[in-house]
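Read the structure below first, then the notes.
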Amino acid sequence: MVRTVTLSDGKVMPTVAFGMGSAGHFKDAEKAKVVGTAALKAGFKHLDTAQLYLTEEATGQCIKEAGMSKDDVFVCSKLSENAVTATTHQVISGAVRDTIRQLGFKPDLFLIHNPFVIESGKLGEAWKILEGLVQDGTLGGTSLGVSNFRPQDLEAVLAVATIKPVINQVEYHPYVLSHLEPVKKIQDQHGIRFQAYGPLTPLLRHPTGGPIKPILERVAKRLSAETGKPVDAHAALALWFLTQNIPIVTASGSIERIPALAAVEQLPDLTPEEVEEISEVGKKVHFRHYREHMEADFDLPNLPSDL
């Protein structure tokens with residue numbers, strides 16, 4: 001079973017993406033091709049890349065290496081700072097065409113990697129350029145979205161958009177819920193979904209795991225007993241997203257660990273009570289690993305980083 005979500009433009013997207021830019025293979029195209037191929041063979045149907053990762057060509061290649069058709073795989077890429085020297089039609093359209101050339105096809109989803117890719121005050125202008133590329137066929141059939149967008153960034157795009165973003169890909173997990181409430185409010189009004197990168201940050205990067213760790217361990221123990229399979233806290237946290245139909249980007253530089261990542265989709269959902277408990281406890285702290293975009297000019301909640 002491959003879990004999917006339906007985006008606001010009607011496109012169906014596999015919920016779990018394999019990231020082609022994680023630390024294990026960031027800017028290492030050869031390694032990215034190897035792990036991406038392994039991910040597809042393990043059951044992933046969604047690859048997430050970006051111009052910044054220098055893995056777009058490898059993304060296209062690993063689909064072939066896995067013996068799959070592009071029709072079998074959903075691909076997202078992003079307009080990144082290394083490709084945008086000015087907010088002009090010539091520069092942005094050139095960067096988009098380079099992505100298509102590197103991949104070997106049009107991406108299913110194309111994001112602005114972060115608001116700082118674009119010259120200050122020109123987010124709306126950049127968005128209209130991308131809309132034009134959809135309308136003239138360059139990105140025909142491609143959904144548009146954003147990444148690391150704060151409330152003011154979303155408002156700048158929505159003020160001019162005739163094609164609304166379908167996704168805002170951000171670091172998302174229980175420890176940023178309170179901070180992201182103003183973002184969620186805007187997105188809910190416009191049918192924009194969160195997509196989570198760094199979804200396992202509370203367990204992988206928080207110094208102690210924080211207050212949700214014992215809850216996740218308890219949930220994992222229940223799931224292990226019920227399914228007869230080994231389920232750990234990391235899988236329980238991933239299921240917090242999947243139970244709520246929140247798309248995630250996950251990755252591993254270790255081929256040995258990839259099948260376990262892919263297998264999470266097959267586990268049963270959390271109970272509504274478990275989802276609520278994790279959410280409510282998570283909202284009592286604030287902890288983010290990737291701070292450079294979402295914490296610039298966006299007030300932080302007055303919360304501790306642990307309890």
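Note that Cβ sites are derived from N, Cα and C of the backbone, with glycine treated the same way.
Annotated active site, proton donor per TrEMBL: Tyr53, in sequence order. As annotated by TrEMBL, substrate binding site applies to His113. Annotation source TrEMBL lists domain 'NADP-dependent oxidoreductase' at 17-281. Sequence annotations record features per position, and here TrEMBL assigns site 'Lowers pKa of active site Tyr' to Lys78.
In the three-state DSSP assignment, the secondary structure recorded for the residue listed as 'active site, proton donor' is coil. A sphere of 10 angstroms centred on the C-beta of His113 (substrate binding site) encloses 24 other C-beta atoms.
Regional average pLDDT for the domain 'NADP-dependent oxidoreductase' (17-281) in the model is 96. Within 10 Å of the C-beta of Tyr53 (active site, proton donor) we count 25 further C-beta atoms, all protein chains included. For the recorded site, the residue listed as 'substrate binding site', the DSSP three-state label reads coil.
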